[in-house]
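Inspection log for the structure reproduced underneath, given as structure tokens.
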């Protein structure tokens, strides 16, 4: 009997290109980033991390970023799910609705930020409209009004990136067989019961992807906030940019970037565990 | 039965995927537009001139016009970029040994970190003896060494712009041309009260504003006589207490102002401190409604900051000889006067200040002269020798402002914390102090 030649398993061959790409484009920069954050001219040091922690902008940035994720992500999911379920009812011109809702996805972050800046600026569209209605304008983006600054960023981000969740949820909905839903309807389940027990559980994988994506992207909110509020409402990625580009200190910038990375990874792991499909494990 | 939701216009999953890919690609593609940093293409034999000055479009156009009219041969490709881009471009080209730049123009602080990469311009400066450079400036051009690393190009400073409407609230006995900081505060306080509780004083505290220069070169030297060494002393605490009170009388939108000429023009602000080049357009076509006055005086004297720009040639520049011709041309009296007229940067040479200046520049010229010649003037420089750390050093002063004036934290605690940060930066740099601090080596907060 001829001996089988030892072969590289197909799985290894298939995974090899992505391994190479991941190493070159992710693992290597990650290593460089870590070493940049922890090594100074005289060898290993934690001084850059200390600089980061002592910076008067760092903790406000952490707080604002966390608050943004907590407020933004649930709102976006509520909107996106509602919109997707509306589309599922096949209204007239559903395609047009869908198309219009997805337009913000095609606009770059910075452009979206500038558009919203023209709305909320002291002499922007909103204040002009208020003025025309005989009401006093409000300094939405003044450093004194942290709440309104925060809200403008939430509104702009909501407008800009809810459609990403929508696209994922609509795709997920299309993958769900109608049979279950119709069977439930035959047995007299109400709309809410069907939604809760039939549609949403099957949508879980899509929701998981969307949640991870959106949380990480919300942690990375940058251009929109930068255009609207500059450094008046510090956010983590904005601080990275500030340290790297304006203050020309890549070491501290790396340290902040590592914080973003760590939080993103924790969030992703958390969602994967939280939304685990327990029926499979049983 | 299909398991696909049929939307009215029939978006299939494939269509959706295509759409998704398309929209994902759009922002990536729009981000691809790049900026040439190796010099605007001047073609073969042109002098590639990289500058941190005149980056604003109008300033750039006006300067290019001067270059075109006064420096026709050799051909100059003028390419203004922001300071970080300048620093990385110069560093990378010289360290890689592929120099495309022939002429560098930047502020003293932009050129200082590259001292070792700049050719000795002693011969050029020597041949320009008739220009009448002051020895202060030529000493500065040696960048703390023995060789001349750049030729002074132009200078500027900061002054107060005053709309004459605000004069009615000037406290009795105060001379607007010779204000003290206390008079400024009481003036702005009564102006606010008389103006329906709306402040009239403005301050360029926006993201790109130069307000840290106010603390470094004006407020602190006037109150403490120093910039760095006296950073957390008792006098500095007094200065910041003063700043807190002045901020309370300042237009709150100041944290969005990068340059004061627009808010002054719009009438949102009646009195403002800023760089002369950033006040130039404020009076517009009504210079008679405006005054430009020297900065106020504090207990230690009239602190003001001198901004010096220089012209340098990098080692291995492809067109070094032609670049020297350009330097000679840019330091002639005519060009110095043109630059003042058009872009409000003042001559570094003994050039006569022309009589036909535009209204605003004429006002500024008077204020600059009065400021320079004031008795008890304390000249200070932007940080020297800190190189790429200039932003971080400036940020320390901005941090104090944020914590003291915006967040209302106790002054001394903030000063102590920020002094630690400042010393951490300075300990790494190990540079001597710059004016007005005594030239101690290394420079540290006491």
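Every residue, even glycine, has its Cβ placed from backbone N, Cα and C.
Per TrEMBL, the range carrying the annotation transmembrane segment out of A:2-25, A:26-49, A:98-121 is A:98-121.
Annotated range for transmembrane segment in TrEMBL, selecting from A:61-86, A:139-164: A:61-86. Residues A:252-272 are the range that TrEMBL records as transmembrane segment, among A:231-251, A:252-272. Sequence-distant contacts of the transmembrane segment (A:61-86), counting only residues of its own chain at least 6 positions beyond either end whose CB sits under 8 Å from a CB of the stretch, comprise 97, 101, 150, 153-154, 157-158, 161-163, 165-166, 169-170, 173, 195, 207, 210-211, 214-215, 218-219, 221, 233-239, 256, 259, 267.
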